Amino acid sequence: MGGGECFRFVVHVVKGKWFTVFASLLIMAGAGATYIYGKYSKQIQKTLGYDEDAMNKITLYRDVGANVAIFAGLIAEVVPTWVVTLIGAAMNFGGYFMIWRAVTGKIAKPKVWHMCAYIAIGTNSQNFANTAALVTCVKNFPESRGVVLGLMKGLVGLSGAILTQIFLGMYEDDLNSLILLIGWLPAVVSVVFVFTLRTMKTERQPDELKVFLLFFYSTIVLALYLMIMTLLEKYVTMGNAVHSKSAIVVTVLLFLPLYIVFKEERTLWKNKEEREMTIEKSEDSEPEQLAEEPKGSCFANIFNKPERGEDHSILQAILSVDMLFIFVISLCGYGTSLTAIDQFGRIGKAQGYSDRLVDSIITLVSIWNYYGRVYSGFVSELLLMKYKLPRSTMMTVVLFMSGIGMLFVAFPEIPFAFYVASVLIGFSFGAQVPLNLAMISEFFGLKYYSTLFNCAQLISPLGSFLLNAKLTKSLYLKEATKELIAKGVDTSSVKDPTCIGHHCFRLSFSILAMVAFFGALAALILSKRTKEYYKGDIYRKYRVQEDEAYKRFKGETYVMFTEDSKAN
(Lines of atoms letter the chains of each structure in order from A; the text may use other names.)
(Lines give C-alpha, C1' and ligand atoms only; values in the text may rest on other atoms or scores of the structure.)
Protein backbone atom coordinates (compact mmCIF):
# COMPACT_ATOMS: atom_id res chain seq x y z
CA MET A 1 0.00 0.00 0.00
CA GLY A 2 1.04 3.57 -0.65
CA GLY A 3 0.86 6.20 2.06
CA GLY A 4 -2.55 7.51 1.00
CA GLU A 5 -4.07 4.07 0.60
CA CYS A 6 -2.60 2.95 3.93
CA PHE A 7 -4.24 5.93 5.64
CA ARG A 8 -7.59 5.15 3.99
CA PHE A 9 -7.31 1.55 5.14
CA VAL A 10 -6.67 2.63 8.74
CA VAL A 11 -9.72 4.90 8.56
CA HIS A 12 -11.70 1.98 7.14
CA VAL A 13 -10.59 -0.23 10.06
CA VAL A 14 -11.52 2.35 12.71
CA LYS A 15 -14.93 2.83 11.08
CA GLY A 16 -15.54 -0.91 10.80
CA LYS A 17 -17.80 -2.98 13.03
CA TRP A 18 -14.97 -5.30 14.10
CA PHE A 19 -13.04 -2.38 15.57
CA THR A 20 -16.21 -1.57 17.53
CA VAL A 21 -16.01 -5.05 19.04
CA PHE A 22 -12.37 -4.49 20.00
CA ALA A 23 -13.13 -1.08 21.54
CA SER A 24 -16.09 -2.55 23.45
CA LEU A 25 -13.94 -5.36 24.84
CA LEU A 26 -11.40 -2.84 26.18
CA ILE A 27 -14.14 -0.74 27.75
CA MET A 28 -15.72 -3.79 29.38
CA ALA A 29 -12.30 -4.89 30.66
CA GLY A 30 -12.31 -1.80 32.90
CA ALA A 31 -15.99 -1.89 33.84
CA GLY A 32 -15.76 -4.19 36.86
CA ALA A 33 -14.00 -2.23 39.59
CA THR A 34 -16.68 -3.40 42.04
CA TYR A 35 -15.04 -6.84 41.97
CA ILE A 36 -11.97 -5.47 43.77
CA TYR A 37 -13.88 -3.38 46.28
CA GLY A 38 -12.52 -5.60 49.04
CA LYS A 39 -8.98 -4.40 48.28
CA TYR A 40 -9.59 -0.68 48.60
CA SER A 41 -12.46 -0.69 51.13
CA LYS A 42 -9.97 -1.60 53.87
CA GLN A 43 -7.87 1.40 52.87
CA ILE A 44 -10.92 3.68 53.12
CA GLN A 45 -11.70 2.40 56.62
CA LYS A 46 -8.06 2.57 57.76
CA THR A 47 -7.27 6.10 56.59
CA LEU A 48 -10.63 7.72 57.38
CA GLY A 49 -11.36 5.83 60.59
CA TYR A 50 -14.92 4.79 59.74
CA ASP A 51 -16.58 2.22 62.01
CA GLU A 52 -18.32 -0.96 60.82
CA ASP A 53 -21.74 0.71 60.57
CA ALA A 54 -20.30 3.40 58.30
CA MET A 55 -18.57 0.83 56.11
CA ASN A 56 -21.80 -1.19 55.85
CA LYS A 57 -23.57 1.91 54.58
CA ILE A 58 -20.81 2.58 52.03
CA THR A 59 -20.99 -1.05 50.88
CA LEU A 60 -24.77 -0.77 50.53
CA TYR A 61 -24.43 2.31 48.30
CA ARG A 62 -21.75 0.54 46.29
CA ASP A 63 -24.26 -2.23 45.57
CA VAL A 64 -27.03 0.25 44.82
CA GLY A 65 -24.81 2.14 42.39
CA ALA A 66 -23.63 -1.04 40.69
CA ASN A 67 -27.08 -2.57 40.24
CA VAL A 68 -29.51 0.31 39.74
CA ALA A 69 -28.77 0.61 36.03
CA ILE A 70 -32.19 1.76 34.85
CA PHE A 71 -31.01 5.38 34.56
CA ALA A 72 -28.28 4.42 32.10
CA GLY A 73 -30.82 2.50 30.03
CA LEU A 74 -33.37 5.33 29.90
CA ILE A 75 -30.73 7.93 29.04
CA ALA A 76 -29.41 5.68 26.26
CA GLU A 77 -32.87 5.67 24.66
CA VAL A 78 -32.83 9.42 24.02
CA VAL A 79 -29.18 10.40 23.45
CA PRO A 80 -26.44 9.12 21.09
CA THR A 81 -24.11 6.37 22.25
CA TRP A 82 -21.12 8.71 22.49
CA VAL A 83 -22.99 10.85 25.04
CA VAL A 84 -23.74 7.76 27.17
CA THR A 85 -20.05 6.81 27.02
CA LEU A 86 -18.89 10.28 28.06
CA ILE A 87 -21.39 10.42 30.94
CA GLY A 88 -20.04 7.11 32.20
CA ALA A 89 -16.43 8.29 31.91
CA ALA A 90 -17.18 11.51 33.79
CA MET A 91 -19.03 9.68 36.58
CA ASN A 92 -16.28 7.06 36.89
CA PHE A 93 -13.50 9.61 37.19
CA GLY A 94 -15.49 12.00 39.38
CA GLY A 95 -16.63 9.39 41.90
CA TYR A 96 -13.32 7.58 42.39
CA PHE A 97 -11.24 10.76 42.15
CA MET A 98 -13.13 12.21 45.14
CA ILE A 99 -12.58 8.97 47.09
CA TRP A 100 -8.85 9.15 46.26
CA ARG A 101 -8.66 12.79 47.41
CA ALA A 102 -10.35 11.81 50.67
CA VAL A 103 -8.06 8.87 51.52
CA THR A 104 -4.92 10.87 50.62
CA GLY A 105 -5.97 13.77 52.84
CA LYS A 106 -6.27 16.30 50.02
CA ILE A 107 -9.73 17.21 51.30
CA ALA A 108 -11.20 17.16 54.80
CA LYS A 109 -12.55 13.84 56.04
CA PRO A 110 -15.90 13.41 54.25
CA LYS A 111 -19.06 12.62 56.12
CA VAL A 112 -20.30 9.09 55.61
CA TRP A 113 -23.12 10.16 53.30
CA HIS A 114 -20.58 12.04 51.15
CA MET A 115 -18.52 8.87 50.73
CA CYS A 116 -21.71 6.91 50.00
CA ALA A 117 -22.51 9.37 47.20
CA TYR A 118 -18.98 9.18 45.76
CA ILE A 119 -18.93 5.40 45.57
CA ALA A 120 -22.51 5.20 44.24
CA ILE A 121 -21.57 7.58 41.41
CA GLY A 122 -18.34 5.70 40.68
CA THR A 123 -19.93 2.24 40.56
CA ASN A 124 -23.02 3.42 38.68
CA SER A 125 -20.76 4.73 35.91
CA GLN A 126 -20.01 1.13 34.95
CA ASN A 127 -23.65 0.69 33.91
CA PHE A 128 -23.19 3.46 31.33
CA ALA A 129 -20.10 1.73 29.94
CA ASN A 130 -21.96 -1.60 29.89
CA THR A 131 -24.95 -0.11 28.12
CA ALA A 132 -22.93 1.74 25.47
CA ALA A 133 -20.63 -1.15 24.59
CA LEU A 134 -22.93 -4.13 24.99
CA VAL A 135 -26.05 -2.73 23.30
CA THR A 136 -24.02 -1.37 20.37
CA CYS A 137 -22.42 -4.76 19.69
CA VAL A 138 -25.71 -6.66 20.03
CA LYS A 139 -27.34 -4.33 17.49
CA ASN A 140 -24.38 -4.64 15.13
CA PHE A 141 -24.38 -8.46 15.38
CA PRO A 142 -28.01 -9.40 16.09
CA GLU A 143 -27.59 -12.94 14.73
CA SER A 144 -24.62 -13.62 17.04
CA ARG A 145 -26.01 -11.92 20.13
CA GLY A 146 -25.41 -14.86 22.47
CA VAL A 147 -21.74 -14.95 21.53
CA VAL A 148 -21.44 -11.17 21.83
CA LEU A 149 -23.06 -11.11 25.27
CA GLY A 150 -20.84 -13.93 26.51
CA LEU A 151 -17.65 -12.21 25.35
CA MET A 152 -18.57 -8.78 26.70
CA LYS A 153 -19.79 -9.98 30.07
CA GLY A 154 -16.83 -12.35 30.28
CA LEU A 155 -14.42 -9.42 30.09
CA VAL A 156 -16.33 -7.66 32.87
CA GLY A 157 -15.81 -10.76 35.00
CA LEU A 158 -12.06 -10.58 34.36
CA SER A 159 -11.77 -6.83 34.83
CA GLY A 160 -11.01 -7.06 38.55
CA ALA A 161 -8.01 -9.32 37.89
CA ILE A 162 -6.93 -7.17 34.92
CA LEU A 163 -7.00 -3.94 36.94
CA THR A 164 -5.14 -5.67 39.80
CA GLN A 165 -2.27 -6.77 37.53
CA ILE A 166 -1.96 -3.31 35.97
CA PHE A 167 -2.07 -1.71 39.43
CA LEU A 168 0.70 -3.96 40.78
CA GLY A 169 2.83 -3.20 37.73
CA MET A 170 2.40 0.56 38.02
CA TYR A 171 2.07 1.25 41.74
CA GLU A 172 3.11 -2.00 43.54
CA ASP A 173 1.28 -2.05 46.91
CA ASP A 174 0.08 1.57 47.20
CA LEU A 175 -3.67 1.03 47.71
CA ASN A 176 -4.36 4.76 47.48
CA SER A 177 -3.07 4.61 43.92
CA LEU A 178 -5.38 1.66 43.21
CA ILE A 179 -8.35 3.94 43.84
CA LEU A 180 -6.83 6.56 41.53
CA LEU A 181 -6.18 3.92 38.85
CA ILE A 182 -9.74 2.64 38.73
CA GLY A 183 -10.82 6.26 38.48
CA TRP A 184 -8.70 7.43 35.56
CA LEU A 185 -7.92 4.32 33.49
CA PRO A 186 -11.47 3.18 32.55
CA ALA A 187 -12.41 6.83 31.94
CA VAL A 188 -9.46 7.36 29.57
CA VAL A 189 -10.27 4.17 27.62
CA SER A 190 -13.89 5.29 27.22
CA VAL A 191 -12.86 8.74 25.99
CA VAL A 192 -10.31 7.33 23.51
CA PHE A 193 -12.90 5.04 21.89
CA VAL A 194 -15.95 7.25 22.42
CA PHE A 195 -16.70 7.82 18.72
CA THR A 196 -16.04 4.25 17.60
CA LEU A 197 -19.07 2.92 19.48
CA ARG A 198 -21.98 3.27 17.07
CA THR A 199 -24.55 1.03 15.45
CA MET A 200 -23.96 0.09 11.82
CA LYS A 201 -26.09 -1.45 9.09
CA THR A 202 -23.76 -3.92 7.50
CA GLU A 203 -24.28 -7.29 5.88
CA ARG A 204 -23.58 -10.34 8.02
CA GLN A 205 -20.37 -12.16 7.11
CA PRO A 206 -20.69 -15.92 6.43
CA ASP A 207 -17.80 -16.65 8.83
CA GLU A 208 -18.98 -14.26 11.56
CA LEU A 209 -19.11 -16.96 14.22
CA LYS A 210 -15.57 -18.10 13.36
CA VAL A 211 -14.30 -14.56 13.88
CA PHE A 212 -15.92 -14.42 17.28
CA LEU A 213 -14.26 -17.73 18.10
CA LEU A 214 -10.90 -16.04 17.49
CA PHE A 215 -11.87 -13.29 19.94
CA PHE A 216 -12.92 -16.05 22.33
CA TYR A 217 -9.55 -17.83 22.08
CA SER A 218 -7.68 -14.59 22.79
CA THR A 219 -9.72 -13.96 25.95
CA ILE A 220 -9.18 -17.58 27.04
CA VAL A 221 -5.41 -17.01 26.91
CA LEU A 222 -5.86 -13.83 28.96
CA ALA A 223 -8.02 -15.65 31.53
CA LEU A 224 -5.52 -18.50 31.92
CA TYR A 225 -2.65 -16.05 32.40
CA LEU A 226 -4.59 -14.07 35.01
CA MET A 227 -5.51 -17.25 36.86
CA ILE A 228 -1.88 -18.42 36.98
CA MET A 229 -0.55 -15.04 38.12
CA THR A 230 -3.26 -14.57 40.74
CA LEU A 231 -2.60 -17.98 42.28
CA LEU A 232 1.18 -17.53 42.19
CA GLU A 233 0.92 -14.22 44.03
CA LYS A 234 -0.77 -16.01 46.94
CA TYR A 235 2.10 -18.44 47.38
CA VAL A 236 5.18 -16.68 45.95
CA THR A 237 6.56 -13.24 46.80
CA MET A 238 7.10 -11.28 43.59
CA GLY A 239 9.18 -8.15 43.11
CA ASN A 240 8.47 -4.92 41.27
CA ALA A 241 10.16 -6.14 38.09
CA VAL A 242 7.92 -9.22 37.86
CA HIS A 243 4.79 -7.17 38.45
CA SER A 244 5.82 -4.63 35.80
CA LYS A 245 6.41 -7.38 33.25
CA SER A 246 3.10 -9.01 34.17
CA ALA A 247 1.27 -5.72 33.57
CA ILE A 248 2.90 -5.45 30.15
CA VAL A 249 1.85 -9.02 29.28
CA VAL A 250 -1.74 -8.27 30.30
CA THR A 251 -1.75 -5.12 28.16
CA VAL A 252 -0.39 -7.03 25.15
CA LEU A 253 -3.04 -9.74 25.58
CA LEU A 254 -5.75 -7.09 25.78
CA PHE A 255 -4.59 -5.63 22.45
CA LEU A 256 -4.13 -9.02 20.82
CA PRO A 257 -7.66 -8.96 19.27
CA LEU A 258 -6.55 -5.94 17.24
CA TYR A 259 -4.75 -8.38 14.92
CA ILE A 260 -8.08 -10.15 14.32
CA VAL A 261 -9.70 -6.81 13.51
CA PHE A 262 -7.05 -5.86 10.93
CA LYS A 263 -7.18 -9.33 9.38
CA GLU A 264 -10.96 -9.28 8.92
CA GLU A 265 -11.11 -5.69 7.72
CA ARG A 266 -8.33 -6.43 5.24
CA THR A 267 -10.56 -9.13 3.75
CA LEU A 268 -13.42 -6.65 3.42
CA TRP A 269 -11.07 -4.04 1.97
CA LYS A 270 -10.23 -6.30 -0.96
CA ASN A 271 -13.85 -6.30 -2.10
CA LYS A 272 -14.47 -2.75 -3.30
CA GLU A 273 -18.23 -2.96 -3.49
CA GLU A 274 -18.54 -4.42 0.00
CA ARG A 275 -16.12 -1.83 1.30
CA GLU A 276 -18.14 1.04 -0.16
CA MET A 277 -21.39 -0.36 1.20
CA THR A 278 -19.88 -0.82 4.67
CA ILE A 279 -18.50 2.72 4.80
CA GLU A 280 -21.65 4.33 3.36
CA LYS A 281 -23.94 2.51 5.75
CA SER A 282 -21.75 3.02 8.83
CA GLU A 283 -21.32 6.75 8.24
CA ASP A 284 -25.03 7.44 8.59
CA SER A 285 -26.19 4.30 10.33
CA GLU A 286 -27.79 5.74 13.44
CA PRO A 287 -29.97 8.36 11.67
CA GLU A 288 -31.19 5.66 9.25
CA GLN A 289 -31.99 3.30 12.06
CA LEU A 290 -33.99 5.90 13.90
CA ALA A 291 -35.89 6.78 10.74
CA GLU A 292 -36.88 3.19 10.07
CA GLU A 293 -38.11 2.45 13.59
CA PRO A 294 -41.82 2.96 14.21
CA LYS A 295 -42.67 6.20 15.97
CA GLY A 296 -44.44 6.38 19.29
CA SER A 297 -43.82 6.54 23.01
CA CYS A 298 -41.76 3.82 24.65
CA PHE A 299 -44.68 3.45 27.09
CA ALA A 300 -47.44 3.29 24.44
CA ASN A 301 -49.94 0.47 23.78
CA ILE A 302 -49.24 -1.25 27.07
CA PHE A 303 -51.91 -3.92 26.68
CA ASN A 304 -51.73 -4.25 22.91
CA LYS A 305 -48.59 -6.37 22.81
CA PRO A 306 -46.89 -7.30 19.53
CA GLU A 307 -45.82 -10.84 18.68
CA ARG A 308 -42.93 -12.39 20.58
CA GLY A 309 -39.69 -11.27 18.93
CA GLU A 310 -41.07 -7.96 17.67
CA ASP A 311 -40.12 -4.64 19.25
CA HIS A 312 -42.03 -4.15 22.50
CA SER A 313 -42.38 -0.87 24.37
CA ILE A 314 -40.83 -0.79 27.84
CA LEU A 315 -44.07 -1.38 29.74
CA GLN A 316 -45.29 -3.95 27.23
CA ALA A 317 -42.18 -5.99 27.95
CA ILE A 318 -42.13 -5.48 31.72
CA LEU A 319 -45.82 -6.44 32.07
CA SER A 320 -45.55 -9.53 29.87
CA VAL A 321 -45.67 -13.13 31.14
CA ASP A 322 -42.30 -13.89 29.52
CA MET A 323 -40.64 -11.10 31.51
CA LEU A 324 -42.30 -12.39 34.68
CA PHE A 325 -40.61 -15.75 34.10
CA ILE A 326 -37.27 -14.01 33.49
CA PHE A 327 -37.67 -12.08 36.74
CA VAL A 328 -38.40 -15.29 38.68
CA ILE A 329 -35.46 -17.08 37.06
CA SER A 330 -33.16 -14.13 37.82
CA LEU A 331 -34.37 -13.87 41.41
CA CYS A 332 -33.69 -17.57 42.03
CA GLY A 333 -30.47 -17.78 40.00
CA TYR A 334 -28.73 -14.51 40.78
CA GLY A 335 -30.00 -14.43 44.37
CA THR A 336 -28.64 -17.87 45.30
CA SER A 337 -25.36 -17.46 43.42
CA LEU A 338 -24.57 -14.01 44.84
CA THR A 339 -25.36 -15.29 48.33
CA ALA A 340 -23.02 -18.27 47.94
CA ILE A 341 -20.18 -16.15 46.53
CA ASP A 342 -20.56 -13.61 49.34
CA GLN A 343 -20.43 -16.39 51.96
CA PHE A 344 -17.50 -18.40 50.55
CA GLY A 345 -15.07 -16.86 53.06
CA ARG A 346 -17.20 -17.89 56.05
CA ILE A 347 -17.93 -21.30 54.49
CA GLY A 348 -14.21 -22.04 54.19
CA LYS A 349 -13.52 -21.01 57.78
CA ALA A 350 -16.49 -23.01 59.06
CA GLN A 351 -15.08 -26.11 57.37
CA GLY A 352 -11.60 -25.53 58.80
CA TYR A 353 -9.69 -24.50 55.67
CA SER A 354 -6.72 -22.10 55.88
CA ASP A 355 -7.13 -18.43 54.94
CA ARG A 356 -4.71 -18.82 52.03
CA LEU A 357 -6.66 -21.73 50.56
CA VAL A 358 -9.97 -19.91 51.00
CA ASP A 359 -8.54 -16.84 49.24
CA SER A 360 -7.37 -19.05 46.36
CA ILE A 361 -10.79 -20.65 46.01
CA ILE A 362 -12.51 -17.24 45.99
CA THR A 363 -10.09 -16.10 43.26
CA LEU A 364 -10.86 -19.19 41.19
CA VAL A 365 -14.61 -18.55 41.54
CA SER A 366 -14.16 -15.35 39.51
CA ILE A 367 -12.32 -17.32 36.81
CA TRP A 368 -15.09 -19.97 36.67
CA ASN A 369 -17.52 -17.07 36.48
CA TYR A 370 -15.74 -15.86 33.33
CA TYR A 371 -15.76 -19.33 31.75
CA GLY A 372 -19.47 -19.68 32.47
CA ARG A 373 -20.20 -16.39 30.69
CA VAL A 374 -18.25 -17.06 27.52
CA TYR A 375 -19.16 -20.74 27.21
CA SER A 376 -22.89 -20.24 27.75
CA GLY A 377 -22.89 -17.49 25.11
CA PHE A 378 -21.19 -19.68 22.50
CA VAL A 379 -22.86 -22.99 23.37
CA SER A 380 -26.39 -21.54 23.52
CA GLU A 381 -25.82 -19.86 20.14
CA LEU A 382 -24.64 -23.11 18.56
CA LEU A 383 -27.53 -25.10 20.05
CA LEU A 384 -29.96 -22.49 18.80
CA MET A 385 -28.52 -22.54 15.27
CA LYS A 386 -28.23 -26.32 14.96
CA TYR A 387 -31.11 -27.72 17.03
CA LYS A 388 -33.44 -24.70 17.54
CA LEU A 389 -33.03 -25.24 21.29
CA PRO A 390 -34.44 -22.40 23.44
CA ARG A 391 -31.89 -20.61 25.60
CA SER A 392 -34.14 -21.22 28.62
CA THR A 393 -33.48 -24.96 28.19
CA MET A 394 -29.79 -24.31 28.79
CA MET A 395 -30.78 -22.04 31.69
CA THR A 396 -32.59 -25.04 33.22
CA VAL A 397 -29.36 -27.05 33.13
CA VAL A 398 -27.32 -24.14 34.52
CA LEU A 399 -29.64 -23.56 37.49
CA PHE A 400 -29.77 -27.29 38.21
CA MET A 401 -25.94 -27.24 38.35
CA SER A 402 -26.14 -24.30 40.74
CA GLY A 403 -28.54 -26.20 43.00
CA ILE A 404 -26.17 -29.17 43.10
CA GLY A 405 -23.36 -26.78 44.09
CA MET A 406 -25.50 -25.47 46.97
CA LEU A 407 -26.03 -29.04 48.19
CA PHE A 408 -22.27 -29.61 48.23
CA VAL A 409 -22.01 -26.66 50.64
CA ALA A 410 -24.92 -27.90 52.74
CA PHE A 411 -23.36 -31.37 53.05
CA PRO A 412 -19.58 -30.78 53.19
CA GLU A 413 -18.93 -34.36 54.32
CA ILE A 414 -18.87 -35.30 50.62
CA PRO A 415 -15.22 -35.57 49.42
CA PHE A 416 -13.89 -32.36 47.82
CA ALA A 417 -17.27 -30.71 48.44
CA PHE A 418 -15.86 -27.17 48.88
CA TYR A 419 -13.86 -27.33 45.64
CA VAL A 420 -16.69 -28.81 43.57
CA ALA A 421 -19.14 -26.24 44.96
CA SER A 422 -16.85 -23.37 43.98
CA VAL A 423 -16.62 -24.64 40.39
CA LEU A 424 -20.34 -25.35 39.97
CA ILE A 425 -21.54 -22.12 41.60
CA GLY A 426 -18.97 -19.88 39.93
CA PHE A 427 -19.55 -21.38 36.47
CA SER A 428 -23.35 -21.40 36.73
CA PHE A 429 -23.48 -17.82 38.02
CA GLY A 430 -21.49 -16.61 35.03
CA ALA A 431 -23.53 -18.71 32.59
CA GLN A 432 -26.80 -17.12 33.70
CA VAL A 433 -25.79 -13.60 32.63
CA PRO A 434 -25.61 -13.90 28.79
CA LEU A 435 -28.54 -16.33 28.73
CA ASN A 436 -30.84 -13.88 30.51
CA LEU A 437 -29.72 -10.90 28.43
CA ALA A 438 -30.06 -12.86 25.16
CA MET A 439 -33.60 -14.01 26.03
CA ILE A 440 -34.68 -10.44 26.73
CA SER A 441 -33.39 -9.28 23.33
CA GLU A 442 -35.02 -12.21 21.51
CA PHE A 443 -38.44 -11.92 23.16
CA PHE A 444 -38.84 -8.14 23.17
CA GLY A 445 -36.69 -6.86 20.29
CA LEU A 446 -33.79 -4.43 20.29
CA LYS A 447 -35.59 -1.10 20.09
CA TYR A 448 -35.62 -0.51 23.86
CA TYR A 449 -32.99 -3.07 24.74
CA SER A 450 -30.87 -0.48 26.60
CA THR A 451 -33.60 -0.08 29.20
CA LEU A 452 -34.97 -3.62 29.29
CA PHE A 453 -31.73 -5.45 30.04
CA ASN A 454 -30.97 -2.91 32.77
CA CYS A 455 -34.46 -3.42 34.24
CA ALA A 456 -33.77 -7.13 34.61
CA GLN A 457 -30.57 -6.31 36.49
CA LEU A 458 -32.62 -4.74 39.30
CA ILE A 459 -33.59 -8.24 40.44
CA SER A 460 -29.99 -9.03 41.51
CA PRO A 461 -29.87 -6.84 44.66
CA LEU A 462 -33.40 -7.90 45.62
CA GLY A 463 -32.49 -11.58 45.42
CA SER A 464 -29.25 -11.00 47.30
CA PHE A 465 -31.05 -9.03 50.03
CA LEU A 466 -33.75 -11.65 50.58
CA LEU A 467 -31.58 -14.76 50.36
CA ASN A 468 -28.34 -13.41 51.80
CA ALA A 469 -29.14 -10.75 54.37
CA LYS A 470 -32.52 -12.05 55.50
CA LEU A 471 -32.03 -15.82 55.18
CA THR A 472 -28.43 -17.05 55.11
CA LYS A 473 -26.85 -14.50 57.45
CA SER A 474 -29.70 -14.83 59.93
CA LEU A 475 -29.45 -18.64 60.04
CA TYR A 476 -25.65 -18.45 60.32
CA LEU A 477 -25.94 -16.03 63.24
CA LYS A 478 -28.45 -18.36 64.89
CA GLU A 479 -26.05 -21.31 64.60
CA ALA A 480 -23.12 -19.24 65.87
CA THR A 481 -25.18 -18.03 68.83
CA LYS A 482 -26.10 -21.62 69.70
CA GLU A 483 -22.38 -22.45 69.92
CA LEU A 484 -21.73 -19.52 72.25
CA ILE A 485 -24.61 -20.52 74.52
CA ALA A 486 -23.35 -24.11 74.59
CA LYS A 487 -19.93 -22.81 75.69
CA GLY A 488 -21.51 -20.62 78.38
CA VAL A 489 -20.42 -17.35 76.74
CA ASP A 490 -22.53 -14.19 77.15
CA THR A 491 -23.85 -13.57 73.61
CA SER A 492 -24.32 -9.84 74.21
CA SER A 493 -20.55 -9.41 74.61
CA VAL A 494 -19.75 -10.84 71.17
CA LYS A 495 -20.42 -8.52 68.21
CA ASP A 496 -19.66 -10.86 65.31
CA PRO A 497 -19.93 -14.49 66.45
CA THR A 498 -18.24 -17.17 64.35
CA CYS A 499 -19.66 -20.61 63.63
CA ILE A 500 -17.33 -23.59 63.13
CA GLY A 501 -18.55 -26.93 61.84
CA HIS A 502 -20.47 -28.67 59.07
CA HIS A 503 -23.82 -27.61 60.51
CA CYS A 504 -23.26 -23.86 60.06
CA PHE A 505 -24.69 -23.61 56.54
CA ARG A 506 -26.63 -26.89 56.27
CA LEU A 507 -30.14 -25.46 56.60
CA SER A 508 -29.55 -22.20 54.74
CA PHE A 509 -27.86 -23.80 51.73
CA SER A 510 -30.43 -26.60 51.61
CA ILE A 511 -33.05 -23.86 51.20
CA LEU A 512 -30.88 -22.10 48.59
CA ALA A 513 -30.63 -25.38 46.67
CA MET A 514 -34.44 -25.66 46.64
CA VAL A 515 -34.71 -22.07 45.40
CA ALA A 516 -32.23 -22.80 42.59
CA PHE A 517 -34.18 -25.94 41.62
CA PHE A 518 -37.38 -23.88 41.57
CA GLY A 519 -35.66 -21.42 39.22
CA ALA A 520 -34.67 -24.37 37.01
CA LEU A 521 -38.31 -25.49 36.92
CA ALA A 522 -39.41 -21.95 35.94
CA ALA A 523 -36.81 -21.96 33.14
CA LEU A 524 -38.10 -25.33 31.92
CA ILE A 525 -41.69 -24.01 31.80
CA LEU A 526 -40.46 -20.95 29.88
CA SER A 527 -38.67 -23.29 27.47
CA LYS A 528 -41.93 -25.11 26.74
CA ARG A 529 -43.78 -21.78 26.33
CA THR A 530 -41.27 -20.53 23.75
CA LYS A 531 -40.52 -23.82 21.99
CA GLU A 532 -42.60 -22.99 18.90
CA TYR A 533 -41.11 -19.50 18.69
CA TYR A 534 -37.57 -20.85 18.58
CA LYS A 535 -38.52 -23.45 15.97
CA GLY A 536 -39.00 -20.57 13.54
CA ASP A 537 -36.32 -18.30 12.09
CA ILE A 538 -36.07 -15.77 14.91
CA TYR A 539 -33.38 -13.75 13.11
CA ARG A 540 -35.15 -13.64 9.74
CA LYS A 541 -36.12 -9.98 9.99
CA TYR A 542 -32.48 -8.96 10.35
CA ARG A 543 -31.54 -10.84 7.19
CA VAL A 544 -34.48 -9.26 5.35
CA GLN A 545 -33.22 -5.82 6.33
CA GLU A 546 -29.73 -6.73 5.10
CA ASP A 547 -31.11 -8.05 1.78
CA GLU A 548 -33.16 -4.90 1.24
CA ALA A 549 -30.13 -2.71 1.97
CA TYR A 550 -28.05 -4.77 -0.45
CA LYS A 551 -30.72 -4.57 -3.18
CA ARG A 552 -30.97 -0.80 -2.77
CA PHE A 553 -27.20 -0.54 -3.04
CA LYS A 554 -27.13 -2.73 -6.16
CA GLY A 555 -29.98 -0.74 -7.70
CA GLU A 556 -28.22 2.55 -7.05
CA THR A 557 -25.01 1.15 -8.56
CA TYR A 558 -26.90 -0.09 -11.66
CA VAL A 559 -28.58 3.29 -12.23
CA MET A 560 -25.26 5.11 -11.91
CA PHE A 561 -23.63 2.65 -14.32
CA THR A 562 -26.34 2.97 -16.99
CA GLU A 563 -26.39 6.77 -16.76
CA ASP A 564 -22.62 6.87 -17.19
CA SER A 565 -22.91 4.54 -20.21
CA LYS A 566 -25.52 6.78 -21.85
CA ALA A 567 -23.40 9.84 -21.25
CA ASN A 568 -20.48 8.18 -22.97
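The first residue you see is number 1, and the count goes up from there.
Every residue gets a Cβ built from N, Cα and C, even glycine.
The domain 'Nodulin-like' annotation in TrEMBL covers 17-262. According to TrEMBL, the feature domain 'NFD4 C-terminal' maps to 321-534. The transmembrane segment feature in TrEMBL is assigned to 18-38, 82-103, 148-171, 177-197, 209-232, 244-262, 314-336, 393-411, 417-437, 507-526.
Two recorded stretches are said to be in contact when at least 3 C-beta pairs lie under 8 angstroms, sequence spacing 6 or more; the transmembrane segment (417-437) and the transmembrane segment (82-103) fall short of this definition. The transmembrane segment (244-262) and the transmembrane segment (209-232) are in contact, since at least 3 Cβ pairs between them lie under 8 Å (pairs 6 or more apart in sequence).
Tallying C-beta pairs under 8 angstroms between the transmembrane segment (18-38) and each of 82-103, 148-171, 314-336, 507-526 places 148-171 first. 209-232 is the stretch from 177-197, 209-232, 314-336 with the greatest number of Cβ pairs below 8 Å to the transmembrane segment (148-171). Here the transmembrane segment (314-336) has Cβ contacts under 8 Å with residues 298-299, 301-306, 308, 392, 395, 398-399, 402-403, 406, 428-429, 432, 436, 439-440, 443-444, 448, 451-452, 455-456, 459-460, 462-464, 466-468, 512-513, 515-516, 518-520, 522-523, 525-526, 529-530 of the same chain, all six or more residues outside its ends. The listed stretches are 82-103, 177-197, 393-411; of these, 393-411 has the most Cβ pairs under 8 Å to the transmembrane segment (507-526). Residues 329, 332-333, 336-337, 340, 347, 372, 376, 379-380, 383, 417-418, 420-425, 427-429, 431-432, 435-436, 439, 502, 505-510, 512-514, 516-517, 519-521, 523-524, 526-527 of the same chain lie 6 or more positions beyond the ends of the transmembrane segment (393-411) yet place their CB under 8 Å from a CB of it.
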